[in-house]
Amino acid sequence: MAQETNHSQVPMLCSTGCGFYGNPRTNGMCSVCYKEHLQRQNSSNGRISPPAPSVTSLSESLPVQCTDGSVPEAQSALDSTASSVQPSPVSNQSLLSESVASSQVDSTSVDKAIPETEDLQASVSETAQQASEEQSKSLEKPKQKKNRCFMCRKKVGLTGFECRCGNVYCGVHRYSDVHNCSYNYKADAAEKIRKENPVVVGEKIQKI
């Protein structure tokens, strides 16, 4: 009699081959496969599919169907299902920290780019100013030194006499009365005397 009861209590595997133990009341399938079977039937008939089994219902159904030898397998399956359903808080925190760090990096890069742009503009303006100065210097041709007498066109070389009127003369035509110099010596002398001898005017006496 005891052998018959032990033989009747031997559990059978799920008919779908999922690895869990089945139940005669659910057509030899486990509770999960049986619910999926019902959902497929309802979807084929056009009915609204029932909600997916929650983790709590799965945990409630597994200990009833499993024997002592299959407890570790069922527990591992339950843990894997729960870990897949529940979101990881560590991943959320890591994503939040990465977004904050990226925003900080963007702000620092913008702050660094502003002074770099100002320095670049200053260097460009300085370069343009230097180029314009060099161009103006190159356009100014050096004046050729006159080496001939303005009156007789005699070549005087380094022995010529340069007058205040701006021309070069030889030893004969170097005097102002000879070459009819256009420079006004009287006005120059009067201006020099005026600068060297300023007019001194005393203060007026105030009557008491």
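The backbone N, Cα and C atoms fix where each Cβ goes, glycine too.
The Zn(2+) 2 binding site annotation in Swiss-Prot covers C149, C152, C170, H173 and rests on sequence analysis. The annotation compositional bias 'Polar residues' is assigned in Swiss-Prot to 54-68, 95-110. Residues annotated as compositional bias 'Low complexity' in Swiss-Prot: 83-94. Per Swiss-Prot, the feature phosphoserine maps to S49; the stated evidence is similarity to another entry. If you look up Swiss-Prot, you'll see 8-42, 143-189 marked as zinc finger, on the strength of sequence analysis.
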Intrachain C-beta neighbours of C149 (Zn(2+) 2 binding site), sequence separation six or more, cut-off 8 angstroms:
K155, V156, G160, V168, Y169, C170, H173
Could you check the binding-site residues C152, C170 and say which one's CB has the most other CB atoms within 10 Å?
C170
Using DSSP, tally how many residues of the zinc finger (143-189) sit in helix, strand and coil.
8 helix, 6 strand, 33 coil
Arithmetic mean of per-residue pLDDT over the zinc finger (8-42):
80
Counting each residue once, how many in the zinc finger (8-42) are helix, strand and coil under DSSP?
16 helix, 4 strand, 15 coil
Around the Cβ of H173 (Zn(2+) 2 binding site), how many other Cβ atoms lie within 10 Å? Please give the count over every shown protein chain.
20
Cβ-centroid neighbourhood (8 Å) of the Zn(2+) 2 site, C149, C152, C170, H173 excluded:
F150, M151, R153, K154, V156, Y169, G171, V172, R174, H179
